[in-house]
Ligand code: HEM
Ligand SMILES: CC(C)=CCC/C(C)=C/CC/C(C)=C/COP(=O)(O)OP(=O)(O)O
(Lines of atoms letter the chains of each structure in order from A and count residues from 1; the text may use other names and numbers.)
(Lines give C-alpha, C1' and ligand atoms only; values in the text may rest on other atoms or scores of the structure.)
(Ligands and ions follow the chains in the order given, each with its own letter.)
Protein backbone atom coordinates (compact mmCIF):
# COMPACT_ATOMS: atom_id res chain seq x y z
CA UNK A 1 0.00 0.00 0.00
CA UNK A 2 1.35 3.44 -0.85
CA UNK A 3 1.70 6.28 1.63
CA UNK A 4 -1.09 8.24 -0.09
CA UNK A 5 -3.59 5.51 0.83
CA UNK A 6 -3.20 6.25 4.56
CA UNK A 7 -6.62 7.55 5.55
CA UNK A 8 -5.83 9.48 8.75
CA UNK A 9 -6.93 13.06 8.19
CA UNK A 10 -7.84 14.62 11.52
CA UNK A 11 -8.42 13.51 15.11
CA UNK A 12 -11.88 12.46 16.31
CA UNK A 13 -13.96 15.11 17.95
CA UNK A 14 -17.51 15.19 19.30
CA UNK A 15 -18.88 15.39 15.74
CA UNK A 16 -17.41 11.99 14.94
CA UNK A 17 -18.93 10.45 18.05
CA UNK A 18 -22.25 12.06 17.13
CA UNK A 19 -21.98 10.73 13.56
CA UNK A 20 -21.50 7.20 14.91
CA UNK A 21 -25.03 7.31 16.33
CA UNK A 22 -26.45 7.67 12.74
CA UNK A 23 -28.42 10.77 13.80
CA UNK A 24 -30.43 11.14 10.57
CA UNK A 25 -31.78 7.59 10.68
CA UNK A 26 -32.37 7.89 14.42
CA UNK A 27 -34.66 10.93 14.05
CA UNK A 28 -37.37 8.60 12.81
CA UNK A 29 -36.57 6.01 15.48
CA UNK A 30 -36.94 8.65 18.18
CA UNK A 31 -40.06 10.11 16.54
CA UNK A 32 -41.84 6.74 16.36
CA UNK A 33 -40.84 6.04 19.97
CA UNK A 34 -42.21 9.43 21.03
CA UNK A 35 -45.45 8.85 19.11
CA UNK A 36 -45.86 5.44 20.77
CA UNK A 37 -45.51 7.18 24.12
CA UNK A 38 -47.93 10.00 23.27
CA UNK A 39 -50.57 7.71 21.71
CA UNK A 40 -50.65 5.26 24.61
CA UNK A 41 -53.65 5.40 26.93
CA UNK A 42 -52.88 7.09 30.22
CA UNK A 43 -50.21 9.63 30.98
CA UNK A 44 -46.64 9.82 32.10
CA UNK A 45 -44.78 12.46 34.10
CA UNK A 46 -43.12 14.70 31.42
CA UNK A 47 -39.67 14.29 32.98
CA UNK A 48 -40.03 10.52 32.93
CA UNK A 49 -41.43 10.66 29.38
CA UNK A 50 -38.41 12.70 28.27
CA UNK A 51 -36.11 10.22 30.01
CA UNK A 52 -37.74 7.28 28.21
CA UNK A 53 -37.28 8.92 24.80
CA UNK A 54 -33.71 9.91 25.64
CA UNK A 55 -32.99 6.28 26.54
CA UNK A 56 -34.42 5.09 23.20
CA UNK A 57 -32.24 7.66 21.38
CA UNK A 58 -29.09 6.73 23.33
CA UNK A 59 -29.74 2.99 23.02
CA UNK A 60 -30.36 3.23 19.28
CA UNK A 61 -27.24 5.40 18.93
CA UNK A 62 -25.24 2.89 20.93
CA UNK A 63 -26.41 0.02 18.73
CA UNK A 64 -25.60 2.03 15.56
CA UNK A 65 -22.13 2.73 16.98
CA UNK A 66 -21.50 -0.96 17.66
CA UNK A 67 -22.76 -1.73 14.13
CA UNK A 68 -20.07 0.57 12.71
CA UNK A 69 -17.38 -0.75 15.06
CA UNK A 70 -18.07 -4.23 13.70
CA UNK A 71 -18.40 -3.17 10.06
CA UNK A 72 -15.50 -0.70 9.72
CA UNK A 73 -13.88 -2.76 6.94
CA UNK A 74 -17.14 -3.23 5.03
CA UNK A 75 -17.97 0.49 5.34
CA UNK A 76 -14.53 1.33 3.96
CA UNK A 77 -15.36 -0.57 0.77
CA UNK A 78 -18.65 1.22 -0.01
CA UNK A 79 -18.87 4.72 -1.48
CA UNK A 80 -21.94 5.63 0.64
CA UNK A 81 -20.25 4.69 3.92
CA UNK A 82 -16.54 5.22 3.27
CA UNK A 83 -16.55 8.69 4.82
CA UNK A 84 -17.69 7.50 8.25
CA UNK A 85 -15.40 8.14 11.26
CA UNK A 86 -13.93 4.62 11.42
CA UNK A 87 -13.20 3.92 7.72
CA UNK A 88 -11.56 7.33 7.35
CA UNK A 89 -9.34 6.57 10.34
CA UNK A 90 -10.49 9.64 12.29
CA UNK A 91 -11.26 7.46 15.29
CA UNK A 92 -9.72 4.42 16.99
CA UNK A 93 -11.91 1.32 16.77
CA UNK A 94 -11.65 0.70 20.53
CA UNK A 95 -13.00 4.18 21.24
CA UNK A 96 -16.05 3.49 19.08
CA UNK A 97 -16.57 0.12 20.77
CA UNK A 98 -16.34 1.64 24.28
CA UNK A 99 -18.66 4.51 23.31
CA UNK A 100 -21.20 2.02 21.89
CA UNK A 101 -21.10 -0.15 25.01
CA UNK A 102 -21.41 2.89 27.28
CA UNK A 103 -24.46 4.24 25.43
CA UNK A 104 -26.11 0.81 25.19
CA UNK A 105 -25.57 -0.25 28.80
CA UNK A 106 -26.23 3.24 30.19
CA UNK A 107 -29.53 3.64 28.32
CA UNK A 108 -30.84 0.25 29.47
CA UNK A 109 -29.86 0.89 33.09
CA UNK A 110 -31.47 4.35 33.19
CA UNK A 111 -34.60 3.02 31.44
CA UNK A 112 -34.86 0.22 34.00
CA UNK A 113 -34.32 2.44 37.04
CA UNK A 114 -36.44 5.41 35.90
CA UNK A 115 -39.22 3.80 33.84
CA UNK A 116 -39.44 0.06 34.41
CA UNK A 117 -37.69 -3.17 33.65
CA UNK A 118 -40.11 -4.35 30.93
CA UNK A 119 -39.30 -1.26 28.82
CA UNK A 120 -35.60 -1.71 29.68
CA UNK A 121 -35.65 -5.39 28.66
CA UNK A 122 -37.23 -4.57 25.28
CA UNK A 123 -34.70 -1.76 24.74
CA UNK A 124 -31.89 -4.23 25.52
CA UNK A 125 -33.46 -6.76 23.15
CA UNK A 126 -33.62 -4.21 20.31
CA UNK A 127 -30.00 -3.15 20.85
CA UNK A 128 -28.81 -6.78 20.77
CA UNK A 129 -31.09 -7.44 17.80
CA UNK A 130 -29.52 -4.61 15.76
CA UNK A 131 -25.90 -4.80 16.92
CA UNK A 132 -25.57 -8.59 17.12
CA UNK A 133 -28.41 -10.55 15.47
CA UNK A 134 -28.70 -8.27 12.41
CA UNK A 135 -25.15 -6.88 12.08
CA UNK A 136 -23.04 -9.91 12.95
CA UNK A 137 -25.28 -12.82 12.14
CA UNK A 138 -27.95 -12.02 9.51
CA UNK A 139 -26.48 -9.23 7.37
CA UNK A 140 -23.49 -11.15 5.98
CA UNK A 141 -25.42 -14.43 5.62
CA UNK A 142 -28.87 -14.14 4.09
CA UNK A 143 -30.82 -11.92 1.67
CA UNK A 144 -33.63 -12.08 4.28
CA UNK A 145 -31.28 -10.07 6.56
CA UNK A 146 -33.39 -6.95 6.64
CA UNK A 147 -36.74 -8.78 6.68
CA UNK A 148 -35.83 -10.52 9.93
CA UNK A 149 -33.47 -7.74 11.09
CA UNK A 150 -36.20 -5.17 10.51
CA UNK A 151 -37.52 -6.20 13.90
CA UNK A 152 -34.75 -4.15 15.53
CA UNK A 153 -36.08 -0.85 14.25
CA UNK A 154 -39.70 -1.78 14.94
CA UNK A 155 -39.34 -1.81 18.74
CA UNK A 156 -39.18 1.94 19.59
CA UNK A 157 -42.96 2.68 19.49
CA UNK A 158 -43.55 -0.47 21.51
CA UNK A 159 -41.03 0.75 24.09
CA UNK A 160 -42.62 4.23 24.17
CA UNK A 161 -46.06 2.71 24.66
CA UNK A 162 -44.91 0.35 27.40
CA UNK A 163 -43.15 3.21 29.20
CA UNK A 164 -46.67 4.62 29.78
CA UNK A 165 -48.80 1.52 30.25
CA UNK A 166 -46.34 -1.01 31.62
CA UNK A 167 -47.88 -3.85 29.60
CA UNK A 168 -48.02 -5.21 26.06
CA UNK A 169 -51.39 -5.15 24.28
CA UNK A 170 -52.60 -5.48 20.67
CA UNK A 171 -52.00 -1.80 19.80
CA UNK A 172 -48.23 -1.64 20.48
CA UNK A 173 -47.85 -5.01 18.74
CA UNK A 174 -49.57 -3.53 15.67
CA UNK A 175 -47.25 -0.49 15.76
CA UNK A 176 -44.34 -2.94 15.78
CA UNK A 177 -45.91 -4.83 12.85
CA UNK A 178 -46.30 -1.64 10.77
CA UNK A 179 -42.57 -0.82 10.93
CA UNK A 180 -41.67 -4.49 10.45
CA UNK A 181 -43.62 -4.69 7.15
CA UNK A 182 -42.51 -1.17 6.10
CA UNK A 183 -38.78 -1.93 6.41
CA UNK A 184 -38.30 -4.16 3.31
CA UNK A 185 -39.73 -1.64 0.80
CA UNK A 186 -37.89 1.18 2.64
CA UNK A 187 -34.54 -0.53 2.38
CA UNK A 188 -34.81 -2.45 -0.90
CA UNK A 189 -35.80 0.74 -2.77
CA UNK A 190 -32.43 2.12 -1.63
CA UNK A 191 -30.62 -1.18 -2.20
CA UNK A 192 -31.72 -1.15 -5.85
CA UNK A 193 -29.70 1.98 -6.52
CA UNK A 194 -26.68 1.12 -4.33
CA UNK A 195 -26.57 -2.61 -5.09
CA UNK A 196 -23.17 -2.50 -6.81
CA UNK A 197 -21.73 -1.21 -3.52
CA UNK A 198 -23.18 -4.16 -1.59
CA UNK A 199 -22.00 -6.64 -4.25
CA UNK A 200 -18.48 -5.20 -4.04
CA UNK A 201 -18.18 -5.91 -0.30
CA UNK A 202 -19.94 -9.29 -0.46
CA UNK A 203 -23.12 -8.39 1.48
CA UNK A 204 -25.95 -10.63 0.21
CA UNK A 205 -28.64 -7.97 -0.15
CA UNK A 206 -31.77 -9.10 -2.01
CA UNK A 207 -31.06 -7.42 -5.40
CA UNK A 208 -27.55 -8.89 -5.41
CA UNK A 209 -28.61 -12.46 -4.57
CA UNK A 210 -32.13 -12.92 -5.99
CA UNK A 211 -31.84 -10.30 -8.69
CA UNK A 212 -33.60 -7.06 -9.42
CA UNK A 213 -36.83 -8.54 -10.78
CA UNK A 214 -37.55 -10.59 -7.67
CA UNK A 215 -36.66 -7.65 -5.36
CA UNK A 216 -39.02 -5.37 -7.27
CA UNK A 217 -41.87 -7.88 -6.97
CA UNK A 218 -41.23 -8.31 -3.26
CA UNK A 219 -41.27 -4.53 -2.69
CA UNK A 220 -44.80 -4.38 -4.13
CA UNK A 221 -45.85 -7.46 -2.12
CA UNK A 222 -44.77 -5.86 1.18
CA UNK A 223 -46.58 -2.64 0.23
CA UNK A 224 -49.76 -4.65 -0.42
CA UNK A 225 -49.46 -6.36 2.99
CA UNK A 226 -48.83 -2.97 4.61
CA UNK A 227 -52.33 -1.73 3.64
CA UNK A 228 -54.28 -3.96 6.10
CA UNK A 229 -51.51 -3.85 8.71
CA UNK A 230 -51.41 -0.03 8.75
CA UNK A 231 -55.21 0.23 8.92
CA UNK A 232 -55.54 -2.48 11.59
CA UNK A 233 -55.17 -0.12 14.63
CA UNK A 234 -58.35 1.63 13.43
CA UNK A 235 -60.10 -1.61 12.48
CA UNK A 236 -59.66 -3.05 15.99
CA UNK A 237 -60.96 0.18 17.55
CA UNK A 238 -57.57 1.28 18.91
CA UNK A 239 -57.72 4.64 17.09
CA UNK A 240 -60.29 7.02 15.68
CA UNK A 241 -61.05 7.83 12.02
CA UNK A 242 -58.36 10.52 11.64
CA UNK A 243 -55.68 7.86 11.94
CA UNK A 244 -57.69 5.34 9.93
CA UNK A 245 -58.24 7.62 6.95
CA UNK A 246 -54.66 8.95 7.04
CA UNK A 247 -53.30 5.39 7.24
CA UNK A 248 -55.39 4.27 4.29
CA UNK A 249 -54.47 7.28 2.13
CA UNK A 250 -50.75 7.18 2.98
CA UNK A 251 -50.41 3.44 2.50
CA UNK A 252 -52.28 3.49 -0.82
CA UNK A 253 -49.93 6.28 -1.95
CA UNK A 254 -46.94 4.17 -0.85
CA UNK A 255 -48.37 1.21 -2.78
CA UNK A 256 -49.00 3.39 -5.84
CA UNK A 257 -45.39 4.62 -5.79
CA UNK A 258 -44.16 1.03 -5.49
CA UNK A 259 -45.95 -0.04 -8.68
CA UNK A 260 -43.59 1.69 -11.15
CA UNK A 261 -40.69 0.25 -9.16
CA UNK A 262 -42.23 -3.21 -9.31
CA UNK A 263 -43.05 -3.13 -12.99
CA UNK A 264 -39.96 -1.67 -14.54
CA UNK A 265 -36.60 -3.02 -15.55
CA UNK A 266 -34.09 -0.26 -14.92
CA UNK A 267 -31.21 0.31 -17.27
CA UNK A 268 -27.87 1.39 -15.79
CA UNK A 269 -27.49 5.14 -15.69
CA UNK A 270 -31.20 5.95 -16.07
CA UNK A 271 -31.29 7.81 -12.77
CA UNK A 272 -33.47 5.23 -10.93
CA UNK A 273 -36.02 7.95 -10.26
CA UNK A 274 -38.98 5.73 -9.17
CA UNK A 275 -36.72 3.88 -6.71
CA UNK A 276 -35.35 7.11 -5.23
CA UNK A 277 -38.88 8.54 -5.00
CA UNK A 278 -40.13 5.43 -3.20
CA UNK A 279 -37.22 5.54 -0.73
CA UNK A 280 -37.81 9.23 0.03
CA UNK A 281 -41.55 8.65 0.40
CA UNK A 282 -40.94 5.70 2.75
CA UNK A 283 -39.34 8.07 5.26
CA UNK A 284 -42.09 10.69 4.88
CA UNK A 285 -44.70 7.91 5.14
CA UNK A 286 -43.63 6.72 8.58
CA UNK A 287 -43.29 10.26 9.94
CA UNK A 288 -46.78 11.13 8.67
CA UNK A 289 -48.42 7.88 9.80
CA UNK A 290 -47.13 8.20 13.38
CA UNK A 291 -47.97 11.91 13.45
CA UNK A 292 -51.54 10.96 12.44
CA UNK A 293 -51.66 8.45 15.30
CA UNK A 294 -50.84 11.17 17.82
CA UNK A 295 -53.14 13.75 16.19
CA UNK A 296 -55.97 11.22 16.36
CA UNK A 297 -55.35 10.62 20.04
CA UNK A 298 -55.18 14.35 20.86
CA UNK A 299 -58.45 14.98 18.99
CA UNK A 300 -60.17 12.15 20.86
CA UNK A 301 -58.87 13.44 24.22
CA UNK A 302 -60.09 16.94 23.34
CA UNK A 303 -63.51 15.50 22.50
CA UNK A 304 -63.35 16.72 18.88
CA UNK A 305 -63.87 13.20 17.51
CA UNK A 306 -65.37 10.14 19.13
C1 HEM B 1 -32.92 -3.42 8.84
C2 HEM B 1 -33.59 -2.32 8.66
C3 HEM B 1 -33.08 -1.07 7.96
C4 HEM B 1 -32.06 -0.92 7.09
C5 HEM B 1 -31.10 -1.98 6.57
C6 HEM B 1 -31.99 0.49 6.78
C7 HEM B 1 -31.03 1.06 5.96
C8 HEM B 1 -30.97 2.38 5.65
C9 HEM B 1 -29.94 2.96 4.86
C10 HEM B 1 -28.75 2.21 4.31
C11 HEM B 1 -30.20 4.28 4.73
C12 HEM B 1 -29.38 5.28 3.93
C13 HEM B 1 -28.88 6.42 4.65
C14 HEM B 1 -27.87 6.18 5.71
O15 HEM B 1 -27.06 5.26 5.64
O16 HEM B 1 -27.86 7.01 6.64
C17 HEM B 1 -31.41 4.52 5.47
C18 HEM B 1 -32.00 5.76 5.58
C19 HEM B 1 -32.96 6.03 6.50
N20 HEM B 1 -33.56 5.14 7.35
FE21 HEM B 1 -33.38 3.16 7.27
N22 HEM B 1 -32.97 1.16 7.42
C23 HEM B 1 -33.65 0.24 8.17
C24 HEM B 1 -34.68 0.50 9.02
C25 HEM B 1 -35.06 1.76 9.37
C26 HEM B 1 -35.98 2.05 10.45
C27 HEM B 1 -36.66 1.00 11.30
C28 HEM B 1 -36.08 3.40 10.50
C29 HEM B 1 -36.90 4.23 11.44
C30 HEM B 1 -37.98 3.84 12.01
C31 HEM B 1 -35.24 3.96 9.46
C32 HEM B 1 -35.11 5.30 9.20
C33 HEM B 1 -34.38 5.82 8.19
C34 HEM B 1 -34.33 7.25 7.85
C35 HEM B 1 -35.07 8.37 8.55
C36 HEM B 1 -33.45 7.37 6.78
C37 HEM B 1 -33.09 8.65 6.03
C38 HEM B 1 -31.84 9.23 6.59
C39 HEM B 1 -31.40 10.43 5.79
O40 HEM B 1 -32.20 11.35 5.61
O41 HEM B 1 -30.25 10.42 5.35
N42 HEM B 1 -34.64 2.93 8.80
N43 HEM B 1 -31.88 3.37 6.01
C1 LIG C 1 -33.69 1.11 19.95
C2 LIG C 1 -32.97 0.53 18.80
C3 LIG C 1 -31.78 -0.30 19.05
C4 LIG C 1 -33.40 0.79 17.56
C5 LIG C 1 -32.79 0.23 16.35
C6 LIG C 1 -32.62 1.27 15.36
C7 LIG C 1 -32.79 0.88 13.92
C8 LIG C 1 -33.39 1.88 13.02
C9 LIG C 1 -32.46 -0.29 13.46
C10 LIG C 1 -32.66 -0.65 12.06
C11 LIG C 1 -31.46 -1.02 11.45
C12 LIG C 1 -30.78 0.01 10.59
C13 LIG C 1 -30.93 1.49 10.69
C14 LIG C 1 -30.00 -0.48 9.76
C15 LIG C 1 -29.15 0.30 8.86
O16 LIG C 1 -28.59 -0.67 8.14
P17 LIG C 1 -27.08 -0.98 8.21
O18 LIG C 1 -26.58 -0.77 9.60
O19 LIG C 1 -26.88 -2.30 7.59
O20 LIG C 1 -26.66 0.18 7.24
P21 LIG C 1 -25.29 0.68 6.68
O22 LIG C 1 -25.07 -0.08 5.43
O23 LIG C 1 -25.60 2.14 6.45
O24 LIG C 1 -24.27 0.45 7.75
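Glycine too: its Cβ is placed from the backbone N, Cα and C atoms.
Cβ atoms under 8 Å from those of the transmembrane segment (25-44) belong to residues 52-53, 56-57, 60-61, 64, 153, 156-161, 163-165, 171-172, 175, 179, 239, 283, 286-287, 290-291, 293-294, 296-297 of the same chain, restricted to positions at least 6 beyond its ends. Feature annotation from TrEMBL assigns transmembrane segment to 25-44 (among others).
Listed as Cβ neighbours of the transmembrane segment (50-70) (distance under 8 Å, sequence separation of 6 or more from its ends, same chain) are residues 20-23, 25-26, 29-30, 33-34, 37, 44, 84-86, 93, 96-97, 99-108, 110-111, 114-115, 119, 123-124, 126-127, 130-131, 134-136, 152, 156, 159-160, 163. Look at TrEMBL and you will find 50-70 (among others) tagged as transmembrane segment.
Residues or ranges marked as transmembrane segment in TrEMBL: 99-132 (among others).
Annotation source TrEMBL lists transmembrane segment at 158-182 (among others).
Beyond the transmembrane segment (219-236), the same-chain residues lying 6 or more positions past its ends with a Cβ under 8 Å from any Cβ of the stretch are 170-171, 174-175, 177-178, 181-182, 184-185, 188-189, 243-244, 247-248, 250-252, 254-255, 258-259, 261-262, 278, 289, 293. For 219-236 (among others), the entry in TrEMBL reads transmembrane segment.
As annotated by TrEMBL, transmembrane segment applies to 242-266 (among others). Tertiary neighbourhood of the transmembrane segment (242-266): same-chain residues 185, 189, 192, 212-213, 216-217, 219-220, 223-224, 226-227, 230-231, 233-235, 272, 274-275, 277-278, 281-282, 285, 288-289, 292-293, 295-296, 299, 305, selected by CB-CB distance under 8 Å and a gap of 6+ residues from either end.
According to TrEMBL, the transmembrane segment annotation covers 278-300 (among others).
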